[in-house]
Amino acid sequence: VGNYKRTVKRIDDGHRLCNDLMNCIHERARIEKVYAQQLTEWAKRWKQLVEKGPQYGTVERAWCAFMSEAEKVSELHLEVKGSLMNEDFEKIKNWQKEAFHKQMMGGFKETKEAEDGFRKAQKPWAKKLKEVEAAKKAYHAACKEEKLAISRETNSKADPALNPEQLKKLQDKVERSKQDVLKTKEKYEKSLKELDNATPQYMENMEQVFEQCQQFEEKRLRFFREVLLEVQKHLDLSNVASYKNIYRELEQNIKTADAVEDLRWFRANQGPGMSMNWPQFEEWSADLNRTLSRREKKKASDGVTLTGINQTGDQVSQPNKHSSSLSVQSNTVQSVQSSYNPFEDEEDTGSTVSEKEDNKIKNVSSYEKNQSYPTDWSDEESNNPFSSTDANGDTNPFDEDTSPAMEVRVRALYDYEGQEQDELSFKAG
């Protein structure tokens, strides 16, 4: 009696398990979203570094293919997040709302119906069980009284001081107790028989309510299995055709990297194959040695001053995917050693990565592609741009021995139209 409460509690547990499953899916969706955002940020940052870095040609395109892969995978994971929340999460939420109906006084309608059904089915049998317990108690009490009466009678026979009348009363007591034992035993057996006769009907009624609870639980278990299979399909990117295509395309981009082609391009654009601009006699002009205006001096910062404008024909005509290179001289080597650019836009620095980590990553690229090199030279080995160490690319542009006259990439802060023939025209940025 009362053990049906375990089955009734299962209904409340089913509602709680729906909440647990929704929370589980919601957390996974949040992880997918964060991963997608991190992939996008990583791809954006490294794409800029590679494009501005010294790598060129087909190998550069192969390297950038990894960033394209990250952007596409990021989109797929955002789709996974959308599927988990918009389909699976909402499906569980709606099913829970339809399957469980809250009552005004608290609890669920389904729980109350199951409990009332069990209680109604158990009530007649529980009443008979109570009668059996009472009959058993009465029978056991009569047996105890009979035993006590027989013991008193036996003891009285051995007592000579007891008169015959008292002995007669003890004997009558034994007789009555024996009759009570027979009556209570008969009543106990009768009530037990009635309980046994009622048990099949009781089991049938209880099982009927139990089966209704089983059917309700079966719906929940089948629904959970169905939802979990859908979640599995949304999470499994291995069966998504576009996911396979991403890595097929990535492999193709890497395999198209051609060292011979890159070396040929570098020879034609940066090596002996490029157009020559040999020195020619030039007349002196006062405009070439003019000083900076006050406005231009105010714009310059960190002790950077313009020393000249390299406008050789070949260097100007070369395609440059970034801003033009101006020759500027730094007063200190420290400004060159720092990877921080005071002229960068805010959006370039608006990364979620900490400033310390961002600066660390920026230092990966020691110099940018298409950067110009100092035209000053001397017979001394340390300043000879054609020395063997420089040709092998072993020199460090950040060494303190580097010539102070070097060129650094700058960014225009304002629009300017050239007023003189030797002046550059440029836009902000």
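For all residues, glycine too, the Cβ spot is worked out from N, Cα and C.
TrEMBL has this to say about the protein:
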- 167-198: coiled coil (COILED)
- 307-322: compositional bias 'Polar residues' (COMPBIAS)
- 323-339: compositional bias 'Low complexity' (COMPBIAS)
- 362-375: compositional bias 'Polar residues' (COMPBIAS)
- 383-395: compositional bias 'Polar residues' (COMPBIAS)
- 1-262: domain 'F-BAR' (DOMAIN)
- 405-429: domain 'SH3' (DOMAIN)
- 293-406: region 'Disordered' (REGION)
Non-local residues, at least 6 beyond the ends, that sit with Cβ under 8 Å of the coiled coil (167-198): 124-125, 128-129, 131-132, 134-136, 138-139, 141-143, 145-146, 148-150, 152-153, 156-157
Secondary structure composition of the domain 'SH3' (405-429) [DSSP: H/G/I, E/B, coil]: 0 helix, 2 strand, 23 coil
Within the predicted model, mean pLDDT of the domain 'SH3' (405-429): 87
